[in-house]
Each structure stands twice: as structure tokens, then as C-alpha cells.
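In what follows, a structure is listed as C-alpha cells, so that the remarks can point back to it.
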């Protein structure tokens with residue numbers, strides 16, 4: 001009885017091993033899907049039916065993303081200011097240097113989980129990912145070209161007509177095809193495998209400090225704006241920053257509604273450890289400065305979010321120790337697999 | 001004698017009446033259609049607009065030249081005397097003073113009939129303004145503008161109306177004034193809406209669409225009207241914020257008049 005059991009187990013184990021090795025050797029393991037909705041995420045906002053994601057579409061989008069041909073003088077690609085190792089922000093830059101070394105006016109936001117975002121830029125001025133890429137390409141401080149001219153350059157290039165044919169069936173290069181290929185690549189930039197995600201799936205343990213930080217993150221109200229699996233509610237809020245550095249009034253620029261002055265989009269906190277510096281104007285270089293600001297630096301901006309002035313006190317009361325623990329938790333949102341996945345790497 | 005004259009006169013009238021009504025019925029078959037063109041002839045006051053160095057003066061006494069004048073027209077609709085209306089959705093035209101062939105827009109397949117008024121929108125309606133990029137072709141293709149841009153990439157939407165030139169009243173260093181008017185009302189938040197609909201009666205005449213008549217409606221504009229609702233170059237030399245552009249939009253809503261209609265047989 002006992003020995004039969006052991007034999008059965010041995011047989012089934014070796015069978016499993018054979019299956020595994022076979023699939024590995026045969027290369028028939030189902031490839032990582034191009035795009036999938038992580039179990040803890042809601043349904044995407046982006047309408048995938050209008051732009052079905054294909055491997056050739058993503059490959060084209062990736063090629064475009066990392067190609068300086070999208071800029072006036074060929075010097076600036078999307079990847080110039082959106083580096084994978086920093087969750088597609090500009091590694092350590094407050095403001096990115098665009099064409100002719102000109103400096104932009106806002107901190108480059110991360111490109112992660114864009115399929116769940118319903119507006120783009122710190123002020124939400126663009127409402128469709130497919131329309132997004134026109135802005136940096138035509139911004140005189142960034143890539144300073146014209147979409148029409150970029151398409152013309154692609155049409156006369158050696159390789160792009162072939163890549164468009166692979167992705168779309170014909171060599172025709174249109175605005176729609178161009179923008180949707182870029183979207184396809186950007187949509188695949190899904191980050192959902194941080195230590196915290198592994199903890200939720202029962203595959204990792206949080207340290208005592210991280211656990212305490214997670215609890216504080218909820219108790220102190222951080223999670224009210226940085227909510228859900230995406231760590232943002234996509235709203236526009238004033239978090240107590242006066243426009244003293246760049247004069248940027250945020251959402252007001254789009255709505256021209258006084259109540260929106262000093263409001264900016266709540267950013268995701270996923271991979272926050274590597275997306276420094278912080279805030280739209282990059283005024284804080286590390287997370288310690290950010291937490292300290294929320295504890296003692298919040299100012300009345302005229303539109304300050306009510307969550308940041310509870311009981312007649314500005315900001316969120318937090319001790320230095322509590323701030324450290326929240327930071328420990330925030331660092332569990334770093335997704336090493338995403339930051340190093342060769343699928344997203346510059347060619 | 002007198003009696004017979006009256007009789008023959010009456011007879012002649014009756015016959016001609018029958019004749020007229022007969023030909024009318026013969027003229028319009030149920031499936032007859034033709035195109036109708038609208039020609040936009042841009043004027044400043046009583047003077048034909050010339051781009052470049054020619055100087056004009058607005059009602060505030062501000063001198064100005066016009067280097068660029070572009071505007072979108074869309075959502076045309078033609079109305080008959082009995083109130084029935086023919087609409088032309090999903091047709092967008094960009095009038096560019098610098099390009100003569102854009103000054104005439106043609107509506108195809110207009111059912112034969114006598115039309116007494118016309119309405120159209122200045123700008124690109126909100127539905128189209130939030131539509132998928134697949135629907136942005138022709139004059140709505142952001143790649144089609146070159147350096148004469150009619151699309152805001154940073155605040156998704158079209159520039160409905162664009163006028164630029166030089167004015168000694170301008171507060172910019174180069175004396176350049178730039179009026180870029182857009183704003184379709186917003187998608188996620190309510191924002192300024194500078195879409196304007198122009199309705200013009202054809203007065204005593206009609207546009208007679210027949211299978212052998214493709215009428216041309218001649219619209220004469222008066223650019224000075226853009227200043228009639230409070231716009232001043234000295235006050236706002238660079239206008240790119242939709243909320244601040246409302247007076248200008250109210251002004252361009254008043255600048256279009258139907259001058260005459262050609263109903264020439266083909």
C-alpha cells in the first residue's frame with residue numbers, strides 16, 4: 001500500500017517533469033500574453049475592441065517608441081524621457097530635456113497601467129491614449145515635429161512600410177495606424193507583480209515595518225486618493241502645493257474653472273520608489289521629503305482637498321516613525337519584473 | 001370685344017398656370033438630386049479680404065492685418081418652406097483663406113426641391129471632437145495641417161476658428177496677434193463651448209435643386225463682426241483659452257450672410 005503510493009507519486013512526478021521539460025525544450029509553453037487584466041485590477045477603461053493588440057502591432061509600437069525619427073532632428077525618442085528602469089519616467093530628472101536641450105515644465109509621469117487611465121497629463125488635457133502621442137511629438141520643447149511630417153518620414157523610410165504591413169496588412173501609414181501602434185505598445189506596460197501583489201496572492205511575506213506601513217497607509221487616509229489596485233482614483237485634487245516654483249495651475253489650464261486651480265491628477269503609487277523626483281513640479285527628490293510634506297508642509301491653496309484639512313488641521317498628522325513605515329510599504333509597490341522585463345526594453 | 005378680351009386673357013392665364021404647374025411636376029422626380037455648393041467670400045467691412053500687408057481697422061479703431069484666416073464649417077442643414085429639413089451629418093470642411101479651392105464647399109446628393117434657409121456649425125461638434133482617431137480623416141486628420149495647425153494636442157480638440165495678423169495695438173513684442181478659438185464643451189469636465197450655429201434665410205429667393213440645377217449659395221462674411229462682441233486686440237493679443245474666447249465666438253456667429261444664390265441650369 002505504502003510502496004504503491006510512493007511509486008505512483010514518483011511516476012506522476014516524473015511525468016510532470018517530463019511535461020515541463022518537454023514544453024520548455026519544445027518551446028511550446030504558451031507565451032506571456034501581450035495584454036491581460038491582472039486578477040486584482042478592474043476592467044480597463046481603454047476600449048480594446050477598437051485597437052486589437054497583436055504581436056506585430058506591439059512590435060511596431062515598440063520600434064516607434066524607441067525611435068528618434070519621431071522628433072524634428074532625430075535626437076529625441078519617447079524612450080528618451082520614459083526609461084523602463086524608472087517605470088518609464090526620466091531617471092532622476094525633474095524636468096526632461098527635450099530637443100536642443102530645452103527643458104520641459106512638468107515632471108514626466110510613469111507609463112504604467114495606461115489601459116486603466118481615463119485622462120492623460122498632470123492636468124488631464126488629453127482624454128484618449130490614442131490621441132496622447134501627438135502632444136509630445138508636436139511640443140516645441142519636446143520632439144518639435146509635426147505628425148504629418150513624421151508620417152512622411154516613416155513612409156519614405158526603408159523599414160517602416162514593411163512593419164506597418166506586418167501589423168496592418170498593407171504598407172499604408174495613416175495617423176490612426178501610427179497612433180494606435182504606439183498605444184498598443186504602451187498598453188502592454190502593465191505592472192502588477194510587485195512584492196505587495198505577491199503578498200496579496202499569498203506568495204510573499206511583508207516585514208513588520210511594511211505591514212505596519214500598509215496599515216498606516218489605510219488609517220492615515222492615503223488610500224482614499226491612492227485607492228484600489230491602481231493606487232489612484234484618477235481624480236484631480238489639490239494636495240497643498242502652492243504654485244511657487246513653476247506657476248503651474250494644473251487642471252485649471254484645461255477647465256478654466258477657478259475651483260480647479262492648483263489641482264493635479266492623483267498619480268499612481270506603483271513603482272513610486274523609482275519615479276523620483278516627485279510632484280508635477282518635481283520639488284521633492286525623495287519619499288522622505290514627500291511624507292514630511294504631507295505631515296507638516298501642506299498649504300491652503302484655495303482648493304485644498306478636504307481630506308487634507310481634517311479637524312481644522314492642515315496635512316496628515318504622522319510621526320517620523322510612521323512616515324518611515326509608510327515608505328517601507330510604498331517600496332513594496334516596486335515591480336522588479338516589470339522594470340527589467342526584456343519585452344519592454346529599448347532595442 | 002371687351003368680353004372676349006377678358007375671356008382670352010383668362011384662358012391664357014389658366015393655360016399658363018397649367019403649364020407652370022405641369023412643368024413643375026415634371027421637373028422634380030422623387031429621386032432627383034444634385035449637389036449644392038456654398039461659396040465663402042471673406043470680407044472685412046466692405047472690402048474683400050486680402051491676406052498679408054493690407055491694413056484694416058476694427059470698430060475700436062485698432063488697425064490690423066490678416067495673415068491667416070481659417071475656420072471649420074460642419075453640420076449643414078437645408079430647410080424648405082414647408083419646414084422639412086435635409087441634414088448633412090459627418091461632413092466637415094476647413095475654409096482656409098490662403099487656399100482658394102477650400103472656399104467653396106459642396107454638399108452632395110441634395111434631394112431636388114426649393115430650399116429657403118440654411119444652417120451650419122462653426123467648428124467641430126462635440127461628438128466628433130471626442131471620437132476615435134479612426135474617424136479623424138480628411139480635414140480632421142491632425143496630420144493634415146503642417147505648420148498651419150488646427151488641432152490642440154495638449155487640450156484635445158480642434159481649433160474651430162483661427163485668425164492671425166499684425167496690429168499696432170497688439171501687446172506682443174512682435175505686434176503679432178493670434179486668435180485660436182476652440183472648446184467643444186469638454187468630455188470629463190464641463191468646459192467652455194465656442195461652437196456656434198449660423199442660420200441664414202435665403203430671403204425672397206430659394207435655392208432650387210433640380211436634376212439639372214446645382215445651386216451655388218454665395219455667403220459673404222464680415223471679419224469685422226468678430227470684434228463686435230467685446231474682443232479687443234489690445235486687451236487680448238493672444239487668445240488660446242476657450243473661456244476667454246467667448247466674445248470672439250459670439251462675434252463670428254454674426255459674420256456670415258447669404259448674399260445671393262445662383263440657380264443656373266447645367
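Glycine is treated like the rest: Cβ placed from N, Cα and C.
Curation does not apply to TrEMBL; its annotations are automatic.
Cβ environment of residue A:78 (heme c 1 binding site): A:64, A:65, A:66, A:70, A:133, A:136, A:182 lie under 8 Å away, each six or more residues apart in the same chain. Under the heading heme c 1 binding site, TrEMBL lists A:78, A:81, A:82.
Neighbours of residue A:222 (heme c 2 binding site), defined as other CB atoms within 10 A of its CB across all chains, total 22. Secondary structure at residue A:222 (heme c 2 binding site), taken from DSSP and collapsed to helix, strand or coil, is helix. The heme c 2 binding site annotation in TrEMBL covers A:222, A:225, A:226.
Assigned with DSSP, the residues of the domain 'Cytochrome c' (A:208-334) fall into helix, strand and coil as follows: 53 helix, 14 strand, 60 coil. Annotated domain 'Cytochrome c' per TrEMBL: A:208-334, in sequence order.
Look at TrEMBL and you will find A:1-26 tagged as signal peptide.
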Handout entry: Cβ-Cβ distance under 8 Å to residue A:82 (heme c 1 binding site), same chain, at least six residues away
Key = A:65, A:88, A:89, A:90, A:108, A:110, A:111
Fill in the blank from the handout: Whole-Å Cα distance, residue A:81 (heme c 1 binding site) to residue A:226 (heme c 2 binding site), is 24
Completion exercise
Between the binding-site residues A:81, A:225, the one whose Cβ has the fewest other Cβ atoms within 10 Å is A:225
Practice task
Report, as a single number, how many Cβ atoms besides its own are within 10 Å of the Cβ of residue A:226 (heme c 2 binding site).
Solution key: 20
Problem - Residues within 8 Å of the A:222, A:225, A:226 Cβ centre (excluding the heme c 2 site residues themselves) - result: A:217, A:221, A:223, A:224, A:227, A:231, A:232, A:266, A:269
Fill in the blank from the handout: Same-chain neighbours of the heme c 1 site, Cβ within 8 Å of the mean position of the Cβ atoms of A:78, A:81, A:82 and not counting those residues, run in sequence order as A:65, A:77, A:79, A:80, A:83, A:88, A:90, A:96, A:108, A:111, A:136
